[in-house]
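Annotated features, as they stand in Swiss-Prot:
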type     : residues                                                     : note
BINDING  : Ala75, Thr76, Asn155, Gln183, Ser203, Ala204, His205, Thr243 : pyridoxal 5'-phosphate binding site
MOD_RES  : Lys206                                                       : N6-(pyridoxal phosphate)lysine
ACT_SITE : Cys328                                                       : active site, cysteine persulfide intermediate
BINDING  : Cys328                                                       : [2Fe-2S] cluster binding site
Amino acid sequence: MKLPIYLDYSATTPVDPRVAQKMCECLTMEGNFGNPASRSHVFGWKAEEAVENARRQVAELVNADPREIVWTSGATESDNLAIKGVAHFYASKGKHIITSKIEHKAVLDTTRQLEREGFEVTYLEPGEDGLITPAMVAAALREDTILVSVMHVNNEIGTVNDIAAIGELTRSRGVLYHVDAAQSTGKVAIDLERMKVDLMSFSAHKTYGPKGIGALYVRRKPRVRLEAQMHGGGHERGMRSGTLATHQIVGMGEAFRIAREEMAAESRRIAGLSHRFHEQVSTLEEVYLNGSATARVPHNLNLSFNYVEGESLIMSLRDLAVSSGSACTSASLEPSYVLRALGRNDELAHSSIRFTFGRFTTEEEVDYAARKVCEAVGKLRELSPLWDMYKDGVDLSKIEWQAH
């Protein structure tokens, strides 16, 4: 076993060696390095063939038509293109958008920008289980609603929303539905032939592919129109200009091919590891699982260790790569906005750690990590006067602390 141990697979995944091999074949003079837009010679034709093969591989994982897959630089760009693209194209129909308070910042910052442009946005509060239900969406729908954006799998707590049911609702009301699925590819089965989802964002680097490449699914029937956010050359049917990065696209295609073939077995294995880890750390008192215990992916365990400061715990776990909150914003000392939206108090939100398991996690690593967590929590609680008071039977919620 090598240290440190990587347990932050929701932040990013290492590139699968099979993916890296395919990518290397598209970089040098001996390989498939051509510009896919070069129509006049074989180098361009071969590159275009590789790009279209990858487009088919991505489409197959989610049961879509390859023509519905648009290449982007990642899920952040896909979210921007979907939300701004719809808002700008359909603004004459209405200026109301619905999303949730626990979306990724790529969605929330995009809707904030649209608010500055005169759009109105409703931010749904999740239940204590971290889920957004169709009933919540239905209650927020208005005559002028043009778009609903509710994610599939939450990046911080791993909860899984029922996007099929939300899609049935939005389609029946003539409202477009966008889903951020960055965290669900390779973890949860997606069937876009059946689901009434209009737009879906994908990322390669959350699915053992390279960083810097993603895709947006844009439904053809019924047709969804977007206003391009990037201009210059008219690539990707005018929706996203820019020379296509053949090596990254081929990498994403291969990553999604592997995900399709190995998802079922991999999820079972990871569920076993996650359960093993959770059982061991649950021997500690005052450990809380954040988000639904059932509607979640097994890859993600977000736990709060009461009477322990999350940052101190991370510092104590020097051999473990884990996170508190989302990697994009984990430098902030504010408690996680996702956990606050669940109704967790500041103390529990501050004491949360996200453990995420993946393809290369082993049983030995999980056992070592659980042992280290139990040791660190025990030591930190020994230093905590609040822990002493709790052990003495003091109800800390009833104490009025003096402000200073």
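Numbers run from 1 along the shown chain.
A Cβ is built for glycine as well, from the same backbone N, Cα and C atoms used for every other residue.
Within 10 Å of the C-beta of Asn155 (pyridoxal 5'-phosphate binding site) we count 26 further C-beta atoms, all protein chains included.
Secondary structure at Ser203 (pyridoxal 5'-phosphate binding site), as computed by DSSP, is strand. A C-beta separation below 8 Å, combined with a sequence spacing of at least six in one chain, links Thr76 (pyridoxal 5'-phosphate binding site) to Ala106, Gly214. DSSP assigns Thr76 (pyridoxal 5'-phosphate binding site) to a helix. Its Cβ placed at the centre, His205 (pyridoxal 5'-phosphate binding site) has 23 other Cβ atoms within 10 Å. Least crowded of the binding-site residues (Gln183, Ser203, Thr243), judged by neighbouring Cβ atoms within 10 Å of its own Cβ: Thr243. Fewest Cβ neighbours within 10 Å among the binding-site residues Ala75, Ala204: this applies to Ala75. Maximum intra-site Cα distance, pyridoxal 5'-phosphate binding residues Ala75, Thr76, Asn155, Gln183, Ser203, Ala204, His205, Thr243: 30 Å.
With a cut-off of 8 Å between CB atoms and residues at least 6 apart in sequence, the same chain places Ser10, Thr12, Thr13, Ala75, Ala182, Gln183, Thr185 near the residue listed as 'N6-(pyridoxal phosphate)lysine', listed in sequence order.
In the three-state DSSP reading, Thr243 (pyridoxal 5'-phosphate binding site) counts as coil.
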